[in-house]
Amino acid sequence: MLPGWRNLSWTFSFLKSRRCLICKNSNFNTSALFLSASSATQSRLTSGLLLRSSVNSPSARRLSVSAGPMELKEVLQVLEQLAPLSLAESWDNVGLLVEPSKPRPIKTVLLTNDLTDAVMEEAEALSCDLIVSYHPPLFRPIKRLAQKDWKQRLAIRAVEAGMAVFSPHTSWDSMKGGVNDWLVGGLGSGQVSVLSQAHGGASHSHKLEFMVRSPEELNAVVEELKTSDDGTALQCSGSRPDSSGIHVSLTCSASALTPSVQILLKHSAPCQSLSILKLEKAPLPGHGQGRLSVLDQPVTVATAIQKMKSHLGLANLRLALGAGRTLESSVCTAAVCAGSGASVLSGVQADLFITGEMSHHEVLDAVAKGTSVILSDHSNSERGFLAVFRERLAVRLPDAMMVVLSKADRDPLEVV
C-alpha cells in the first residue's frame, strides 16, 4: 500500500428496511457504500464502545449523574460500566431478570447475595425499586409463574411491587477488582494472575480475504451481501487498486459465514482468490475466573486461616491439610475461586486452595497432591464483596439515591 494512502472501509449493518446511501470517496475513484444504521444498531455500537472503555479505562467509567433519582435504564448503564455483562460465563443468567411494566424513578437499591423470602420482605419494607442479587433468582427456564415454587413466588412479588431485579453473578467474579480479587486479597499482597482467562466478546469470528478486478465488481458483491442480510453486521475494507485488482478483507460472524462465502463463490475473481481465517477473541488482561497469588510475604497455614476468618467475618472455617502439611507449613502460593470453585481450581499447583465449597472427593484429590484446602461455605466466600461494590456504586449515583446492604441475607448453613 502506498504511503499516505488511507484504506477505504465500509461498515455494513444489514438489517431489514435499511436505506442505502451512496457517498463519493475523495481518495478513490469509485463509490463507497454505506448503510444507514437504525437507532438499535447505534445503541449496540455505543454499548460495544462502552464495554471496551469500561474494561480498559477506569477513568472512563464515571457517568455524569443528575441530582435526583435516576431511571432504571440509567442505573443499569452504571452497573454495566462497573461490571460488563459480557464477562459472565456463557451458561449464566445475568442482567435484568425482572422489569416492571410501569417505569418509576429508582430511589432505593438493595444489594444481596441471594434473593430469599426474608430479603424480599426486607425489600418490601424499604419500598425498594431495584434489587441487585448476586446470584440470579431466576436461572433455569420456567413455563409458569405459580405459588408452589419459592423462586416463582419471589418473581411474582417483585412484579406486584413494581421492583426490578438484576443479577451480575459471574461478571462480578470475572472482572478485574471483582469478587475473586477481593477474596484473594484476604491473604495480603502478592503477584496475582487469572486462572481462567476471559476474552473479549467480539461479534466477528471469521475473516474472508479475496480480490476483485474493479470497483464495479466490488459494488456488485457488496449489493449481493446486502440482499443476503441475516441481521448480522459485516465489516469490509478494500485497498487501493493495483495491477492485480483490489484486495478486499471482510470480517463476519459465524452465522454470516456460509451465506457470505456462497455469494463470493459466484464471482470469478473472489472465487479464485478466497481465503478464510478464523479469528481468535482477544484476551482481557486481569479478567477471568479464579485467581492465583504468589504472596509477597509467605504465611503459615494457621496464619492464613486467621486472615481469612477476619476477611470473611467468620468465626469458623473448614480446613483440610494437604498430605505432609501441618498448621505451621508455609503458604507461598494460594489459588482462590469464590463460590463452588473446584472446576476452576482443578489442576492448579498451589500450597492452598480457598473457595466456598468442594465435594468430598475433590477435597481428597487436592489433599493427595499436597494442597491444603480452606472452605467457607458457598455464599460466605462472596458476600463480603457487596460492601466493596456498594461504595463503587454509591459514588456513581446521585445523593438522593440510597444503596442498601441487605441485613437479612445470609448463608443457609451455619455451624452448630
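Glycine is treated like the rest: Cβ placed from N, Cα and C.
Noted in TrEMBL for the protein shown:
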BINDING   His135, Asp173, His378, Glu382  divalent metal cation binding site
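What TrEMBL annotates, mapped onto the structure for a quick look.
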{"residue": "His135", "record": "divalent metal cation binding site", "Cβ contacts under 8 Å, 6 or more apart": "Asn113, Asp114, Leu115, Ser167, His169, Ser379"}
{"residue": "Asp173", "record": "divalent metal cation binding site", "Cβ contacts under 8 Å, 6 or more apart": "Val179, Asn180, Gln289, Cys337, Ala338, Gly339"}
{"residue": "His378", "record": "divalent metal cation binding site", "Cβ contacts under 8 Å, 6 or more apart": "Gly339, Ser340, Gly356, Glu357, Asp411"}
{"residue": "Glu382", "record": "divalent metal cation binding site", "Cβ contacts under 8 Å, 6 or more apart": "Asn113, Tyr134, Val179, Leu183, Ala338, Gly339, Gly356"}
